[in-house]
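Structure first, commentary second.
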Amino acid sequence: MPSRKFADGEVVMGRWPGSVLYYEVQVTSYDDVAHLYTVKYKDGTELALKESDIRSQSSFKHRKSQSSSSSPSRRSSSRSRSRSRSPGRPAKGRRRSASQSREHKEDKKKTIQETSLALPVLVLFKPSENNTKRYNGEPESTEKNATSCIILEQKLKPDLEIKRVLEQYSLRSRKDDKKKEEIYSEKKTFAAVKPIEKVPTKTKELEFGGRIGTFMLILLLPATVFYLLLMCKQEDPSLLNFPPLPAVESLWDGRVFGVILLWFFLQAVFYLLPIGKVVEGLPLSSGRKLQYRINGFYAFILTAAAIGVLLYFQFELHYLYDHLMQFAVSAAAFSLALSIYLYARSLKAPEEELAPGGNSGYFIYDFFTGHELNPRIGSFDLKYFCELRPGLIGWVVINLAMLLAEMKIHNLSMPSLSMILVNSFQLLYVVDALWNEEAVLTTMDITHDGFGFMLAFGDLVWVPFVYSLQAFYLVGHPTTITWPVAAAITVLNCIGYYIFRSANSQKNNFRRNPADPKLANLKFIPTATGKGLLVTGWWGFVRHPNYLGDIIMALAWSLPCGFNHILPYFYVIYFICLLVHREARDEHHCKQKYGLAWERYCQRVPYRIFPYIY
């Protein structure tokens with residue numbers, strides 16, 4: 001195996017993929033398997049380059065000195081030769097004087113030098129989506145209105161004409177001109193292939209504690225769900241009062257597992273119904289966009305109608321309360337079987353379809369995080385389907401079952417005020433998610449994480465059986481609250497929901513159409529990717545205002561359970577830990593993706609989730 005030529009930290013010249021332009025870069029790492037160097041440009045962009053696309057700085061300095069030494073003197077001695085091959089040479093009757101010719105050449109040289117730094121921007125980015133001033137050495141404003149994109153596009157139109165002139169009037173020597181066809185052929189070949197930065201490489205930075213951490217999570221996550229459900233059945237659900245373990249044979253029921261399969265199949269049928277609009281997701285690494293049918297809200301309506309029919313025919317829905325542990329065990333077994341299938345099929349998936357965060361080469365880690373990004377059976381997207389359908393709608397059904405169980409066990413003519421609040425708040429959250437289903441296409445779960453045990457277990461087990469913990473707790477531990485307290489909790493939930501929904505709507509609308517006149521008051525920091533980072537509105541308040549709204553709502557869901565035990569507050573504690581960890585992952589990915597623009601954004605918006613605290 002050949003040894004590496006450039007060391008980590010070495011400053012070299014790297015060729016930008018798809019062009020013959022070289023820029024000063026710093027080597028950050030080297031992949032021994034793929035033989036690719038990870039380099040960092042001055043604007044913070046990181047790419048993977050082949051060794052043949054990297055040259056030392058000394059070679060460029062040497063070549064530059066040769067070029068400069070041969071310019072004014074040799075140009076004057078070979079003036080007739082240059083004129084004979086100049087495409088812009090005037091006719092004999094209109095030939096300029098020597099002084100005019102020199103002035104013309106000096107002006108042409110000056111124009112080319114001034115525009116040479118602007119050309120890489122035209123090659124790399126869309127003019128309407130980026131700021132080119134920092135590449136030209138001009139001062140750059142850190143904030144821009146959304147409507148400035150249109151003005152910037154008009155300003156950059158002359159640069160396209162300058163680029164055409166630069167290609168026509170080349171300053172290369174005669175020796176370089178002989179290689180013109182070879183270089184042009186190389187450019188065509190390079191442009192025809194996939195850009196090198198889009199080639200998936202092995203995942204180097206392991207999250208969740210690496211192989212050991214993910215192995216422990218595979219064991220701890222199901223154990224945590226079972227422990228919480230057993231604790232809720234205890235008369236005294238204190239942390240120190242560990243519940244007795246049930247008999248193993250009592251945890252499994254074939255009929256319950258059949259109900260889980262039927263539920264999954266029913267939601268799959270609703271997903272495949274030709275109702276609702278079809279939208280495109282974000283571009284994949286190959287540039288392709290997948291299509292998704294948005295009909296989650298219709299699936300919820302159909303499910304509600306099916307549940308209503310069952311209740312009309314006297315079906316005892318509180319059966320879920322009596323056998324909730326068996327349902328959780330069956331759902332966990334199904335999610336494990338689904339995870340095994342997903343990993344097995346990912347071994348045959350093309351390289352470009354693998355998840356960027358789940359391609360480490362370690363079985364346990366890739367099995368947990370997900371090896372394939374968007375596993376599909378035909379047009380049926382397994383990850384997208386599980387993200388909102390079986391678990392999220394199942395969460396509402398379990399809450400309803402807990403409400404009916406409370407009324408039956410305690411002989412109530414109507415549910416308690418605490419149970420009504422919990423069911424209402426969480427129903428609003430689920431309906432909102434399904435109504436705004438399209439927004440999930442831009443989340444990290446869809447765009448970055450593969451579909452493995454983490455998402456399969458989380459969507460099908462953790463969400464329906466842990467998120468319904470407050471309702472399950474209230475059945476065995478009724479809590480009475482007054483109307484003023486209920487009103488205060490309702491206001492708190494509304495505040496959290498308003499922050500959550502308005503922040504997400506602001507972000508999604510800006511991503512769809514930054515030039516929308518309705519968003520003209522928003523300011524943003526342009527990035528090298530063509531996207532903008534909002535610095536006004538909710539996203540100028542904290543970096544993740546949607547997380548702040550989520551946490552406020554989570555607190556409002558737990559307050560109706562009182563303060564006798566910490567168990568119903570497990571959801572709030574867990575959710576804070578989850579969102580802080582996810583925020584750290586977001587920070588890491590955004591810093592790699594946006595470079596210096598993200599650092600400027602962090603200076604502009606210093607608080608991550610909690611204003612003036614964190």
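Numbering starts at 1 and runs along the chain as it is shown here.
Here the Cβ of each residue, glycine as well, is placed from N, Cα and C on the backbone.
Taken from TrEMBL, the feature compositional bias 'Low complexity' covers 66-75. Marked as compositional bias 'Basic residues' by TrEMBL: 76-97. According to TrEMBL, the compositional bias 'Basic and acidic residues' annotation covers 101-112. For 4-62, the entry in TrEMBL reads domain 'Tudor'. Summarising the annotation, TrEMBL assigns region 'Disordered' to 53-112. TrEMBL lists 212-230, 250-273, 294-313, 325-344, 455-475, 481-500, 521-542, 562-581 with the feature transmembrane segment.
Nonlocal intrachain contacts for the transmembrane segment (481-500), taken as residues 6+ away from its ends with a CB within less than 8 angstroms of a stretch CB, comprise 417-418, 421, 425, 428-429, 432, 538, 545-546, 548-557, 559-560, 562.
Within the model, the domain 'Tudor' (4-62) shows a mean pLDDT value of 80, rounded to a whole number.
At the 8 Å Cβ threshold, with sequence separation of at least 6, the transmembrane segment (455-475) comes into contact with the transmembrane segment (562-581) through 3 or more pairs. With respect to Cβ pairs under 8 Å, the transmembrane segment (325-344) is most closely packed against 212-230, considering the stretches 212-230, 294-313, 521-542.
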